[in-house]
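These notes concern the structure reproduced below.
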């Protein structure tokens, strides 16, 4: 990406990042309509023209935040896909590493996650796209015989997405539980189910 | 509840129900702020004063819709609690009956569910309260040894709530799947987990 317009170099890039960071907080707390560019630049100690050096509009900075979030999330989902050589005994642990990285990302990026997953008009599409990617992982992992073949992977993927959203809202962003705690519980339930075997 | 004010009897009750029904659709589609009482009464073939015979304000009819929804939902969650005499072989089927009734309620009450679960400023509290009730069911069912004792019932309850919301949005209200199909898949995954046993 890099800074556009006149002001280039590391100072410009710093201003750009600062505005993105402040904008994320403003959008998440006040919503798109009640967020003012004037407030973002004021909090960043910059001027209105400085904003337009880096972003063409409020829409543009909003979209960039969503793109930043979904790009990184898709990367983490990609990394979380299990290889063909995972042993049965380490399966839960390996899934925990992948899911844990995603919960940690949500923990550390509360504002971005809220914008993309909850506030955005495109949040449904964002979640659908992510669900499709997770389902594709599960389909491949099913072929490696890690998962039961009678499971509808698309439904399972939707359950993962919804768990991410709900558990982040109820525990992560309230500070009640850590990403690690939530990950362990979620993996146990989704992997082994609730039933007590006879 | 019953009709208040002058206009009583079955005609009044019919007008009241009609306004509730239309209001649910308006609130769900346009949001609280963009819903106009004038539009509700117009669509109901009534006059503005007729509205105020039954509801004190826009806030009041909104809250009544949410109360209607949460009351019925709490009733269904109450009914879904398993007795102590369920056999292992019929466990999935019996859980399916309870969860199926809830998914069917969501299927048939899309507008109410969207208002209470998604649009309302109190949606977090509504979901938290419901999660606590489901967790209490699970705790009792855990004591009957249906479920593993090492499962965090509150996390499991949150997963059920989030599944209700996400699967309704992605499949029920798009008409892509029926309540019955979603119920069966959800019970299979939550009860038995994804893992393929060795």
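Cβ atoms here come from the backbone N, Cα and C positions, even for glycine.
In TrEMBL, annotation is done automatically, which means it is predicted and not curated.
Copied from TrEMBL, the annotated features are:
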- A:36-55: DNA-binding region (DNA_BIND)
- A:13-73: domain 'HTH tetR-type' (DOMAIN)
The DSSP breakdown of the DNA-binding region (A:36-55) into helix, strand and coil residues is 15 helix, 0 strand, 5 coil
Confidence over the domain 'HTH tetR-type' (A:13-73), expressed as mean pLDDT on the 0 to 100 scale, is 96
